[in-house]
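The active site annotation in TrEMBL covers Ser225, His252, Asp348. According to TrEMBL, the domain 'Response regulatory' annotation covers 1-108. The domain 'CheB-type methylesterase' feature in TrEMBL is assigned to 210-406. Annotation comment: TrEMBL describes Asp42 as 4-aspartylphosphate.
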Amino acid sequence: MRKILCDLIAMDPQFEIIATADNGREAVEAVRALKPDVITMDLEMPELNGLEALERIMRIHPVPIIMLSSISDDGMRETIRALQTGAFDFIRKPSGPQSPDIHMVGEQLLEKLRIAVLTKRHSCLFQPVQPLPAPSQSVAPPTTKQKIGFEAPLSPIADAVEKPLKPAAAALSKADKHAAKKRETEPKLPVADFKVEADAAGRSVKPNKPGTNRTFKHLVAIGTSTGGPRALHEVITTLPSDFPAPVLVVQHMPPKFTRSLAQRLDSFSSLHVTEASHGERVQAGVVYIAPGGYHMELAKDSGGYAIKLSEEAPRAGHRPSVDTMFESCAAYPELRRHAVIMTGMGSDGVKGMKALIDSGAESAIAEAEESCIVYGMPRSAVEAGVAKSVMPLRQIAAAITSAVRK
């Protein structure tokens, strides 16, 4: 796997590989000695696994780290843990050098490296509850070594780097020995009389957690991308158990990983966090994460509000799309709506936030640059004039809690 990664990175002359390592312990020592600008690292390594190595590296030399993930259930869970621990992003491992998706993986890897080049982070990021350091405001070509990382197939690069100097990259991985486990499918439950088209993928409808209800006046919608798992951990786990509104979330993430994200957030949150299902009734006190590969919209019929999922074409490269979710919420002015855009590359969510504001939404919050991993989506909202307020990550949960209790 290291050879495959090295070949992929070598496709772009901007990047130079300065070291490889056979295991996690060697990786930590190589980082201590060489201080690379970016690291690619497998979650599955001998002697010291990827999560343990990640934590140690972020203590001694915090840099963007791109994790390599398998699509097994364990691999996806560990990937979410890594992102919430401080990893910059991740990519799914190619199945081998002759894999039909090898070129796509290479493009994703290089895109994420370039995104990370624009992100300067100089302090430890493995403590999710701590404020994050400010990324660089500049998108000019770097003049010194830059820290580099990568993600899954998300947004195209909104701020291009014009011929930056060659940064050093350390590729730290091992062969993928994990076979993907068969995903368990929950039994399909009836969906009252919700009248939207049937879900072609046969997604299950999950029962709602006791203690929730369908009577609510407020609705919260959150959109995020790169750096989102840590930001969502900070916000969602801080919301009180009596939160009187549903929360809809779009996190740019590939299929299957969103379920692991929802499960992990649910284990830390006093609210019920679930990967949304088509036709699922929307209730107060529940957080609905849009499943990767599907657009998520708010819909309504005689039985109340419900989740609508679709496989319509991606918008600006995104499915799920923050714009699509926000625009669907704009159709229901009887609800007191509160929109939040957090860390992420690009401008997804700006059009939808404008639609919400034009339809009378009460709150439109953009995360401040000082706490963003990547100040792209929030910056676009601010520059477009659609954000009513700007605040650091640590203040967002309190702000929306106060808003929904008015």
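Using N, Cα and C of the backbone, Cβ positions are placed for all residues, glycine too.
Remember, TrEMBL labels are computer predictions, not curated facts.
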Q: Would you mind pulling the DSSP three-state label for Asp42 (4-aspartylphosphate)?
A: strand
Q: Take the C-alpha atoms of Ser225 (active site) and Asp348 (active site) and report the distance between them in angstrom, rounded.
A: 9
Q.
Please report the distance from the Cα of Asp42 (4-aspartylphosphate) to the Cα of His252 (active site), rounded to the nearest angstrom.
A. 21
Q. Taking the Cα atoms as reference points, how far is His252 (active site) from Asp348 (active site) in Å?
A. 10
Q: Taking the Cβ of Asp348 (active site) as the centre, count every other Cβ atom within 10 Å, in any protein chain shown.
A: 31
